[in-house]
Ligand code: ADP
Ligand code: MG
């Protein structure tokens, strides 16, 4: 929806279309390859715990600029530290969420747990953060890419009032810019490519950051496809991705810190896990690499039934002690069908187990906190180094509060005036909760002034397009070429307490790609497809890579 006729197109990895016979054959092979390598999910429409469907995937990797990819990778440890500092700033979390928790019951419930834990003191001071910073390339950066800035329908205030002739002139100029972008990245305003100029953070996840397995698995499928198509030489442009190992090793490092050989790692799971491969492969990796460490899977309901605290506040499930809790559930209201599940969450928070995330990390990942952090004066509080401040400051797109005060009300008016520029977000995770563009005014008008403060407003990011084949279970064969946009996620692991960080590293990546017409691209939610980056350089020769 953030795409229009003038959206630039990134050059593809190989020349398309493929001949129909070749396409049919390689797609059929790739589907089997995906199922047989665990790039799969349980069917939602035809659920059975005994079978899997392949997860939707893009046949060949989508292009992503190497420079921007490397920038994102390099920045991750700084983002890890930022989030660690935010999570440990009681005053900041409390003030930032003060208005939100008055109206958002779910965040208020999380906050109550936080408040109670604060009152009694943290039993476990160490936290395990396994974060994923999600980002999209931005193709409309006014200061860097003036040629593309004037895209028709871009929602610029001036565009609305521009007369017809002026609009025509702009359209002609834009069309020229687009052609340039497709065939030959132009040097514009110091920015080497006009298909993108930078990337912007979509959100930061601090709980249940998925795709540690499916990220690397996507590369495996697409490498297979490229080899089958006779393009083995392209594989060198697909960056290595050790996300599964990086994340699981994080859990094991936390387990080591806990230092009790008999204690286990507990995965908190939903009643039904559709995205089962992305959890089981973590478990299997730990069991195969560290056979002395046991992994349990339990729902919040089961922890409520079987969990208790031992003498030293250790978390016991029956007689089994838990060293590390990895939450793959607990991030949305549906995961807490009764007070029992909230009690279980509180029990775990007060225990000695190391939590991923602990409650303060969970709260640090709310959209409201992201919105507050986007203000430079706030960022200063958490980052000392001016260069780092500058680098992190640049990744935020416009984020606006809708609190019931002067600034919030001005932002509300702005959203009503130019809704096509924005996305409206509540304090929720897991996809499907946001309101986009022209739907925003109705949604906002239905809320009271106070209710609005549970939401934030964000500038829409306009990623460039890529073109390729999206392969979905049950869809017509052969697949058709479609316009798509991608979202890159960079994983980070950070372990420490309020005073010290003991581990901090970047832990691989994942790429999700959706149809350019879709608002959201959750793969588990059924809208996106697995993908992996094919790194392109701005000084590459014209044509396909
Ligand atoms: P959730 O916590 O539900 O995953 P996100 O903030 O990640 O919420 O939004 C869900 C999806 O909506 C993203 O994966 C992305 O596809 C789209 N989206 C979110 N924010 C923006 C934005 N500012 N511009 C364009 N698309 C966005
Ligand atoms: Mg998201």
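Each Cβ is built from the backbone N, Cα and C atoms, and glycine gets one as well.
Other Cβ atoms within 10 Å of the Cβ of residue 429 (Mg(2+) binding site) number 19 in total over all chains. In this structure, residue 429 (Mg(2+) binding site) belongs to neither helix nor strand by DSSP; it is coil. According to TrEMBL, the feature Mg(2+) binding site maps to 429.
For 155-166, the entry in TrEMBL reads compositional bias 'Acidic residues'.
TrEMBL lists 263-364 with the feature domain 'Glutathione synthase substrate-binding'. The average pLDDT for the domain 'Glutathione synthase substrate-binding' (263-364) in the predicted structure is 98.
What TrEMBL lists as region 'Disordered' is 146-178.
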